[in-house]
Structures are given as structure tokens and as C-alpha cells.
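What TrEMBL says about this protein:
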DOMAIN    43-170  domain 'EamA'
DOMAIN    183-315  domain 'EamA'
TRANSMEM  31-53  transmembrane segment
TRANSMEM  65-85  transmembrane segment
TRANSMEM  97-119  transmembrane segment
TRANSMEM  125-144  transmembrane segment
TRANSMEM  156-174  transmembrane segment
TRANSMEM  180-200  transmembrane segment
TRANSMEM  212-232  transmembrane segment
TRANSMEM  244-264  transmembrane segment
TRANSMEM  271-291  transmembrane segment
TRANSMEM  297-317  transmembrane segment
Amino acid sequence: MRNSDSTKALDWGFLERMAWLRSRSPSRPGLRSIALTAGVPVTFVLAWSSAYVVGDLGVRSAPPFTLLLARFGLATLVMFGIVGLTKAPWPKGKRAFAHIAVAGVLVQGLQFLAVYSGFKLGVPAAISSLVIGLNPLLTALLAGPALGERLTPRQLWGFLLGIAGVVLAVAKGLDFSERYFAGVVVTVVGLLALSGGTVYQKKFCPEMDLRTGAAVQLLASTCLAAACAFVFEDVHIDQAGLFVFSVGWLALVNSIIAFTLFYAMIRRGEVVRASTMFFLVPSVTAIIAAVTLDEPLSGFAIAGFTLAAAGVILAASRRSPARAGARGG
């Protein structure tokens, strides 16, 4: 079977050094292994959610494409450094490089070019996270015909709860006035890129090493951001301090850490289950904004977080062994 223990260790990419935690007790996972497994989605949600707040701040310091050019450029340099230190294997053949680059342009490049353009057009972080938070549903719809992953009734109910939680979390901040319309439409383009890229990567990049794969994807995204910045923008920086902080945070925490964890979850499980983590992002974004930007945390956000969490648990839970065994014969 392809998902052997050695393959799973490789799937973690540069996180493979921590794989020994899982091999300490062959018969049962152990506390450290359980903590590692649970910590990955929690860290991912926190890192991904923070990017909306920092990204919203970042576009105040520079045009969106310029900000992304710096973000992707720094992340590319760091990732290539990691590849050199760990001697990670490169993709085999031009076709593998091309597939990885396409997935990166969709999931990283095009998604954030759209989301940051939405920020510049006045879409607040909460509404942006609401739109991108619909990624699990769209991914599930695409994964069916593309990957053959069936949507179970349990997952369907989980998705419905998740969507309800997402809407409830930002209900107080929703504003569909004309000035937000263009920004919301652009942000939806980012959602389409993320969902399509997620399924594309699962289908065409199943053996991608996360270190060299991320390096290739970030380089491709840097090229896209550079082209957009120099063609469509007057490249400049308005607030140097805020710009440096935003670029550093977005490059290291979001482009490297968050995406590595996301890809690891995709490789270790089904695309649909990995994507359900996005249902938690809008509520957590509201919490981070309340703490860092002194924005009041409404009862809607608290209730939405609870409902979305219930949806994630339901959608990501597996069938009982008895039912799974009966189905598998």
C-alpha cells in the first residue's frame, strides 16, 4: 500500500525530523504522538487566521501586489535555504515541476493576489475569511469528480454546520453595499483558486516533497506577483515599519509554516477532511482581531466559533470500525 509508515514520514517534508515521535510506541500512538497529531491542525488554523489580520494591515503600508512580491520573495529565499540544509529531493522530470508550479500559482499566488486586492477595495478581514472559509464545501464538490472522494452524510451535515457557523461568526460585520461588491467578487476568485489548486495538488502532485515543492511553488508565485506589481502598480512603500513586520509575518508564518501544515494534512488524509479546518478560520480571525486590533468580540463570533467547531468535528470524524469493516468486507 502506498501510505506506508516510511512514506508518511516523507510526507511531512522538513517536519520529518519529528516523525520519531510516532515511532516511539509501535502498538499505540502515545501522548507525544497524539499531541503532535492534534497540534498540527490547531497551529494551522492559528497561523492561517492571523494572516488575514496582518494582510489587512499590510496593504496599508504598500500596494497589494508589491506586498505579495516581497512576501513571496522572502519566503522563497528561506525555503531554498531549508532545501539546501536538509538536502531535500527535487521533483523528477519537467512534468512534475510544472504540476507543482501550477498548484502553487493557484493555491498561493492567485489566491492571495485576489484576497489582497479585496483588502485594498475595502473588504475587511472578517468578510474575506468568510469567503475563503467556504473552501471546504467547494473543495468537497470538486474532489468528488476529480479524486473520487465521496461526500458522506456525516460530512454533509458537518459542512452545513460549518457554513452556518462561518456566517454566524461574521454576521454582525456583513455589509453588501456597493463599495464592497467588487472586492467580494475578487475575493471569490481567490476562493476558486484555492479550492481548485487544493484538488489539483492532490491529484497531480501526490509524491511532492514539501520542502522542494514549497520552494518551487513560492518561486512561481513570486514571478506572478512581480509581473502583476510592475505591470499594474506603482511599486512603493508608504510605512516601512509596518511593511517589514507584515512581510516577515506573512512570509514565515503563513507562506511557509501554514502552507506546510496544510499540505501535510492533505497528504496524510483526505482532501475534504483537511479542508474542513477552514471552517474555523473566520471565527478565529475575529478572536485575533479582537485581541490585536481591540475590535469587540461579539456574541455572534463566539456562537459561530462553537458551531463551526462542531461542524469540523462532525465532517472530519471517521466511520466506526464496525461500519468501515462491514463496508470493506
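Don't overthink the numbers, they just go from 1 along the chain as shown.
Placed from the backbone N, Cα and C atoms, the Cβ positions cover glycine too.
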For the domain 'EamA' (183-315), the number of residues DSSP places in helix, strand and coil: 113 helix, 0 strand, 20 coil
Reported mean pLDDT - the domain 'EamA' (183-315): 85
